[in-house]
Amino acid sequence: MAASALRGLPVAGGGESSESEDDGWEIGYLDRTSQKLKRLLPIEEKKEKFKKAMTIGDVSLVQELLDSGISVDSNFQYGWTPLMYAASVANAELVRVLLDRGANASFEKDKQSILITACSAHGSEEQILKCVELLLSRNADPNVACRRLMTPIMYAARDGHTQVVALLVAHGAEVNTQDENGYTALTWAARQGHKNIVLKLLELGANKMLQTKDGKMPSEIAKRNKHHEIFNLLSFTLNPLEGKLQQLTKEDTICKILTTDSDREKDHIFSSYTAFGDLEVFLHGLGLEHMTDLLKERDITLRHLLTMREDEFTKNGITSKDQQKILAALKELQVEEIQFGELSEETKLEISGDEFLNFLLKLNKQCGHLITAVQNVITELPVNSQKITLEWASPQNFTSVCEELVNNVEDLSEKVCKLKDLIQKLQNERENDPTHIQLREEVSTWNSRILKRTAITICGFGFLLFICKLTFQRK
């Protein structure tokens, strides 16, 4: 058959393996003609065509075969139904068609529900979210657990699907349920390093004090897996977000967390999630989330907040208690600014050697802090754009700032080299100057050494004379 008659892409089905291929999801290409199914086919042939249509995601052929009498809940390999397979590959269109034809959204096979299959599917979060919302709209239970006692929200938290987590909670998912190892959804998010999911779960009432069966809290799990930011977030805050949305009704929670997709005519009502920005993350980490609206109203960015003076805090309505928390965080960051402009001209000209040395040491220390900070950002920055969950501006803005940083670093390097050459020149001139007058400190040090040696010598002679005198008296 000509290659042009071939359609579709091969897609792997299911999450298990078997030596038997007689009743499996066949991987391959489906030969489709433009004609409808006009003649009756043997039931086995229809099933084979149905499997192939499901495999390549051919929605039209699936509908035709269902019209011809194929059961929407047919059992295939491993006892899976077509709906479970469609959910496993996050094919939202197939899920919609099968549900509209009466497929059972609450079907389970070996304690594996279709909702769990959708939450653990390999696909984009957008498609997974659509599948999950379709299943929940058909009364799929969000709290049914698998054999390992893991619920759908645990799978979503483990795989980093923030929007799916929010949607499940909005439909009644329990956030503090524990699996066979004592892991909660929060523990899974901390283990995998999903910071935004950690923040959202705390807001939705997750208990960060629940321990695993080996006695580990989520913060300790995060630390063990080297997610230090999440460790700090869970360890050093009083969990001000806990239970913030627990008292809301289901409808209010959905409105609070989710926003509806504008394309209602084509798609089912799907949801989007508003991610945290850097300011919100900083404030939540300090337990100051109540300041978010205040700072946004005054157009105060995180960078502005970190450089505020005490009078600016008061002017912007920030209480002294909140000021102390922010200043303590800044002290931990060890970011200190050298105020050269505050030095008088006379001080600049007559600065002592000790003061100049302290200045150089402080400057070097700050450079070290900057290097460490940049290295930490490089380590934590996701290499895959799909993993970025915070609100980011255009990447072009970041690259332009980085270019300015590179230029400033090069300029700083040039200035430091000039300073080094100047100091070396002064040192050489001083060593070669025959009229150089010794510093008072050096003279005083030399004089003190002479006095000490003289005093010791006199005491020694005196002690020797005293012994000789005693000896003569005895004789």
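Cβ coordinates come from backbone N, Cα and C, glycine included.
Positions annotated as region 'Disordered' by Swiss-Prot: 1-25.
The feature phosphoserine is assigned by Swiss-Prot to SER17 (among others), with similarity to another entry given as support.
Per Swiss-Prot, phosphoserine is recorded for SER18 (among others), and the stated evidence type is similarity to another entry.
Taken from Swiss-Prot, the feature phosphoserine applies to SER20 (among others), supported by similarity to another entry.
Annotated repeat 'ANK 1' per Swiss-Prot: 45-74, in sequence order. Shown for the repeat 'ANK 1' (45-74): DSSP residue counts in helix, strand and coil, namely 21 helix, 0 strand, 9 coil.
Sequence annotations record features per position, and here Swiss-Prot assigns repeat 'ANK 2' to 78-107 based on a curator's inference.
Only residues 6 or more beyond the boundaries of the repeat 'ANK 3' (110-144), in the same chain, are considered here, and those with a CB under 8 A from a CB of the stretch are 15, 79, 81, 83-84, 86-92, 95-96, 99, 150-153, 155-156, 159-164, 167-168, 171-174, 177, 267-271, 386. Taken from Swiss-Prot, the feature repeat 'ANK 3' applies to 110-144.
For 148-177, the entry in Swiss-Prot reads repeat 'ANK 4', with the evidence type a curator's inference. Helix first, then strand, then coil: DSSP counts for the repeat 'ANK 4' (148-177) stand at 16 helix, 0 strand, 14 coil.
Annotation source Swiss-Prot lists repeat 'ANK 5' at 181-210.
What Swiss-Prot lists as repeat 'ANK 6' is 214-243. Confidence for the repeat 'ANK 6' (214-243), expressed as mean pLDDT, is 77.
What Swiss-Prot lists as domain 'SAM' is 272-334.
In terms of DSSP secondary structure, the repeat 'ANK 3' (110-144) contains 19 helix, 2 strand, 14 coil.
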